Amino acid sequence: MGKLIDIPIVVESGQKYKTSQGVTAIKDGIKSSGQDHERLPKPKWLRIVNHTTPAYSQVKEQVQKHRLATVCEEAKCPNISECWSHGTATIMLMGAVCTRACRFCSVDTGNPHGWLDAEEPENTAETVALMNLDYVVLTSVNRDDLPDGGANHYAKTIRAIKKRSPRTKVEALTPDFQGSERDVAVLLDSGVDVFAQNVETVERLTHPVRDNRAGYQQTLNVLAFAKKYRPDVLTKTSLMLGLGETDEEIIRTMDDLRTHHVDILTLGQYLQPTKNHLPIARYVTPETFSELRQIGLKKGFFEVASGPLVRSSYRADRVFKRDNLGLDV
């Protein structure tokens with residue numbers, strides 16, 4: 001009798017499957033609709049350049065060794081090769097299954113039923129130390145199944161990083177914790193340097209773009225509370241463009257963000273991750289991104305990173321240092 005060979009099961013986008021923890025999840029977050037919307041042709045100026053360097057391999061090795069999830073992989077970020085080749089990565093905490101199903105996001109969705117990796121805070125801190133990072137971005141899936149939304153897990157991870165690598169700056173791109181100021185305060189007391197939460201889109205499009213449990217005003221309120229509670233911590237948010245918003249709505253959103261004391265803004269082009277996700281309504285030109293950056297700076301943002309391939313944590317270390325000026329993003 002021949003030797004049995006394990007054949008990996010390929011899960012199609014939109015299909016249900018079970019994770020290694022036994023959690024039922026939907027691949028890429030959105031169920032298959034059976035429809036394939038006509039896609040806008042990609043403009044010539046929107047090109048992703050792949051970088052492969054020894055640093056890329058080192059980051060990948062550390063991520064795999066410590067069983068870390070990264071938003072770079074899970075959200076199919078177009079900048080993964082560039083960022084990893086520069087020795088930086090955005091680490092995704094609390095697993096790779098989100099309790100929400102935003103219609104722009106390709107992270108798998110499901111209910112982890114309270115599962116957490118107790119070793120993750122120390123593993124993450126060890127990885128950051130081994131990579132000798134000056135700046136690290138932590139993000140996570142939404143964990144509405146946890147009483148605190150994962151705030152204490154975040155705080156443990158940040159404290160572990162600061163203990164091993166006291167000079168490392170830590171940015172936390174967090175879920176909204178259902179608007180709980182108590183949970184947000186737990187995270188802010190951990191020693192975090194930048195508190196980020198994404199408003200994602202303009203107010204009019206919030207319902208069709210984001211999960212129903214998210215809210216435009218709720219995100220603004222959380223960001224405002226963070227600044228009031230810890231004025232020394234920079235606050236940050238991100239907008240995707242190309243979902244059907246107008247330039248006037250973008251500028252109005254900037255005004256709302258400044259009213260709620262948000263320091264840093266990133267603007268990037270929405271790219272449809274699978275056929276099951278929201279279609280692209282328009283491609284915003286590099287010239288428009290540049291104009292919007294200047295408008296944002298005039299409104300008083302500490303920094304505005306704006307470009308077709310800009311994502312929430314793209315070049316976050318440079319943005320933190322206000323070293324984004326003149327970059328071709």
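Cβ coordinates are placed from backbone N, Cα and C, and glycine is handled just like the others.
Under the heading [4Fe-4S] cluster 1 binding site, Swiss-Prot lists CYS72, CYS77, CYS83, SER313, citing sequence analysis as support. All protein chains included, SER313 ([4Fe-4S] cluster 1 binding site) registers 30 other Cβ atoms within 10 Å of its own Cβ.
As annotated by Swiss-Prot, domain 'Radical SAM core' applies to 83-303, with the evidence given as sequence analysis.
Residues or ranges marked as [4Fe-4S] cluster 2 binding site by Swiss-Prot on the basis of sequence analysis: CYS98, CYS102, CYS105. Other Cβ atoms within 10 Å of the Cβ of CYS102 ([4Fe-4S] cluster 2 binding site), summed over all protein chains shown, number 23.
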What same-chain residues, at least 6 away in sequence, bring their CB to under 8 Å of the CB of CYS98 ([4Fe-4S] cluster 2 binding site)?
GLY29, CYS105, VAL107, ASP108, THR109, GLY110, VAL141, ASN142, ARG143
Tally every other Cβ atom lying within 10 Å of the Cβ atom of CYS105 ([4Fe-4S] cluster 2 binding site).
26
Separation of alpha carbons, SER313 ([4Fe-4S] cluster 1 binding site) and CYS102 ([4Fe-4S] cluster 2 binding site) (Å)
19
Compute the mean position of the Cβ atoms of CYS98, CYS102, CYS105, which form the recorded [4Fe-4S] cluster 2 site, and then list in sequence order the other residues of that chain whose Cβ is within 8 Å of it.
GLY29, ARG100, ALA101, PHE104, SER106, VAL107, THR109, VAL141, ASN142, ASP211
